[in-house]
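Enquirer: OK, TrEMBL features for this one:
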- 1-11: compositional bias 'Polar residues' (COMPBIAS)
- 1-22: region 'Disordered' (REGION)
- 26-51: transmembrane segment (TRANSMEM)
- 29-451: domain 'Major facilitator superfamily (MFS) profile' (DOMAIN)
- 63-84: transmembrane segment (TRANSMEM)
- 155-179: transmembrane segment (TRANSMEM)
- 185-204: transmembrane segment (TRANSMEM)
- 244-265: transmembrane segment (TRANSMEM)
- 277-294: transmembrane segment (TRANSMEM)
- 306-327: transmembrane segment (TRANSMEM)
- 333-351: transmembrane segment (TRANSMEM)
- 372-393: transmembrane segment (TRANSMEM)
- 430-450: transmembrane segment (TRANSMEM)
Amino acid sequence: MQNQRPSQGSAAISARGGVSAPRQSGAYTLGILVAIYAISFIDRSILYVVAPSVQADLKLNDTQLGLLSGLAFALFYATMSLPIARIAERTSRVQLMTGALLLWSLMTGLCGAATKFWHLFLARLGVGLGEGTCTPCAQSIICDLYPPERRATALSIYAAGAPIGMMAGAIGGAIAASALGWRGAFVAAAIPGIMVAFLFLFTVKEPRRGAREPGSYVDSASPPSFPDVVRTLWRSPSFRHTTLGYAVGSIPGTAIHIFAVIFLVRAHGMSQVDAGVAYGLVAGIAGTIGVVLGGRITDYFCRRSVRAYGLVPAIAFLILPPLLIAAFVQENLLVMTALILIPSVIYIFNVGPSYAVTNNLVEPRMRATTNAMLLMIITFCGSAIGPALVGLASDHIASWSLRGDAGQCAAALQASAKIRIECAQAASDGLRYAMMAISLLYFWGAAHYFRLSSVISRELHEIKSR
């Protein structure tokens, strides 16, 4: 390679010698990237909010809902993000993101026209295809705007778009579904993305690659080959443990979010609107605080030791299972809400540190591909596996509690009051125990982050000395 490898190491590395982007330009670009990321979560998560209505209208079970929420979205989101990222290494990331934003917004609107399971499945594939472009390009842009010692915070601010989008999608989706029906809610969700796409295209300039690298980094016109990127990442124990920790943690994280509204409706008797608003407020406010706080805490402790990249998410993941299980078994809504607040903040502590590690391990023209590979793995685990596992487990536990006679619930409207009560209780318990069981996977994720904390110092030191 003709590039001089940037010495990217600890969060405390100086950006001396790098070419600074204007502070105001960087702040504006980061702000609009947060808005785009928030829109992506509005469009992907609105299905979770209107799920009770969609289930009733299209006659779907929990397994089918898990496939729609997870696999249908993740299939193209994960697999197409990598080839698109390779294009992003060579061309304008701003233009790619604009086209992708228009695509997924239009496909979100088409979800409202679905009349069968497969119609909605195909439309969700389109949403995933468009959104798979967003994060690899956005994070590559952010790393060209901020030096290494500020990246965990900057990437955490970007990641705050996720809880902001979930809050807006949950509250706005619940209100829109109440006023317009679930089909109208999908159409309404598509409008902001179309508007922001043109704002992004005409107001954001493509930043120069490597502008904020320390030392005397010189950008090359051609990126490293894909095999070179794979070899670089495969040799990195820090990348492996970051990816595995993030991927395993995303399985319960995504699944619990997808089924949260349905759980509130079934287990606590809330209306769809009230459940959507409650979920949106908790997930949005707590999640936004959590993702930014996780990045800030990591940057602060990395001034002393870069082991904080692994220790901060590892400790957070250890705390999660007991609190989540305690929350899910509660029959009292207020007690459950109080218990769920801390997990809603700390479950996302790993995002900023994880992306800071992966971006600091590679040179600028590897970043879109590296981010896409990480995204592909965590999306497949989180969105494809997590919801399907919970949906399948929920259906099986419910069937077992009904002594295998789940068919009586298919005609629950015509059934006796006793059977309707039994079916409702079985559906509630099935989902409750499925969510409790999957939360235990956070312990596995914590083990990988602890391992990351033991290898990251040596690896970043080796990179710095090259």
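Backbone N, Cα and C define each Cβ position, glycine as well.
Tell me what's around each of these sites.
Expert: Same-chain residues lying 6+ beyond the ends of the transmembrane segment (26-51) with a Cβ under 8 Å from its Cβ atoms: 65, 68-69, 73, 97, 101, 104-105, 108, 111, 124, 127-128, 131, 134-135, 138, 141-142, 145-146, 154, 157-166, 168-170, 172-174, 177, 182, 185-186, 189-190, 192-193, 196, 199-200, 203-204, 207, 257-262, 272, 276, 279-280.
Per-residue pLDDT, averaged over the domain 'Major facilitator superfamily (MFS) profile' (29-451), rounds to 87.
Within its own chain, the transmembrane segment (155-179) has Cβ neighbours under 8 Å at 30, 33-43, 45-46, 48-50, 53, 138-139, 142, 185, 188-189, 257, 261, 272-277, 279-281, 283-288, 290-292, 294-296, 348, 351-352, 355-356, 359, counting only residues six or more beyond its boundaries.
Long-range contacts of the transmembrane segment (306-327) within the same chain, counting only residues at least 6 positions beyond its ends with a Cβ under 8 Å from a Cβ of the stretch, are 9-11, 152, 241-242, 245, 249, 252, 256, 294, 297-298, 300, 336, 339-340, 342-343, 346-347, 349-350, 353-354, 356-357, 435-436, 439-440, 442-443, 445-447, 449-454, 456-457, 460.
Only residues 6 or more beyond the boundaries of the transmembrane segment (430-450), in the same chain, are considered here, and those with a CB under 8 A from a CB of the stretch are 62, 241-242, 244-249, 251-252, 255-256, 259, 262-263, 266-267, 310-311, 313-315, 317-318, 320-321, 324-325, 328-329, 350, 386, 389-391, 393-399, 401.
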Enquirer: Most CB pairs under 8 Å with the transmembrane segment (63-84): which of 277-294, 333-351, 372-393?
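Expert: Per the Cβ under 8 Å count, 372-393.
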Enquirer: The transmembrane segment (372-393): which same-chain residues, six or more beyond its ends, come within Cβ distance under 8 Å?
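Expert: Counting only partners 6 or more residues beyond its ends, the transmembrane segment (372-393) has Cβ contacts under 8 Å with 61-67, 69-71, 73-75, 77-79, 81-82, 84-85, 132, 135-136, 229-230, 233, 242-243, 246-248, 250-256, 258-259, 354-355, 358, 430-431, 433-435, 437-438.
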